[in-house]
Amino acid sequence: WIMGHMVNAIAQIDEFVNLGANSIETDVSFDSSANPEYTYHGVPCDCGRTCTKWEHFNEFLKGLRKATTPGDSKYHEKLVLVVFDLKTGSLYDNQASDAGKKLAKSLLQNYWNNGNNGGRAYIVLSIPNLAHYKLITGFKEALTSEGHPELMDKVGYDFSGNDDIGDVANAYKKAGVTGHVWQSDGITNCLLRGLDRVRKAVANRDSSSGYINKVHYWTVDKRQSTRDALDAGVDGIMTNYPDVIADVLNESAYKAKFRIASYDDNPWETFKN
């Protein structure tokens, strides 16, 4: 999965997919009542990027729905996965469940079109704080009470705080999560970070007792760091330059081992060689 980083304006969806992304990451900020409010990152952000592009969250969802609904004039067949980077740092810990419920209702109405031929992309809820695990249970409760528990089939999870792998496993246990797990690891492109924890995550993914289904690394903008991440065995790379990742995937060393995921590749299934 080539994951376009910080896609917060509707116009950027086309831009990143046209550069080669089959997945996008979008920031979600919350108001003081735990309603998802804007797709907005803010300052500071990655080096070389404008930090302040934004939409109202529900409007972004409508644009995203068009981009992922077959038959729509804005449809992109290859856009198959969306990561919502949930900026829950502005919330109290006890608001996490509410944030999940409100997020689910927004998605149900504006993205999934109340279960009637909505957008088809798989969704990853990426949460920065392990203490906010109730966002997951709240999200699930809301979809169930709204009569659409089947949409949970399209939803996966990530804790993005670079926490100890064992602590992450524990948070999922508390949230009752037993699958659909992406594990992110990384740092802003302004700084360097080694691949030690990525290797631990990959080892967990590939062990019979692991909880991780997919591992992605962020934010990778250079060819050599792309090669290093692929050599470590990641499933996804988040980038400001999808074309760079696509170029490396075309190199003879990687062409035989990797390909760009399509809609038929289940993002919740661990890839077995």
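Quick reminder: no glycine exception, Cβ is built from N, Cα and C everywhere.
Computed from a predicted structure; not experimentally measured.
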Given Swiss-Prot lists GLU25, ASP27 for Mg(2+), the same-site residue among ASP46, ASP72, ASP85, ASP93: ASP85
As recorded in Swiss-Prot, which of CYS51, CYS190 forms the disulphide with CYS45: CYS51
For the disulfide-bonded residues CYS45, CYS190, the one whose C-beta sees the most other C-beta atoms within 10 angstroms: CYS45
Same-chain residues at least 6 apart in sequence whose Cβ lies under 8 Å from ASP85 (Mg(2+) binding site): GLU25, THR26, ASP27, VAL28, SER126, PRO128, SER160
Residue among the disulfide-bonded residues CYS47, CYS51 whose Cβ has the most other Cβ atoms within 10 Å: CYS51
Shell list (Mg(2+); ref centroid = CB of GLU25, ASP27, ASP85; cutoff 8 A): HIS5, MET6, VAL7, ASN8, THR26, VAL28, HIS41, VAL83, PHE84, LEU86, LYS87, SER126
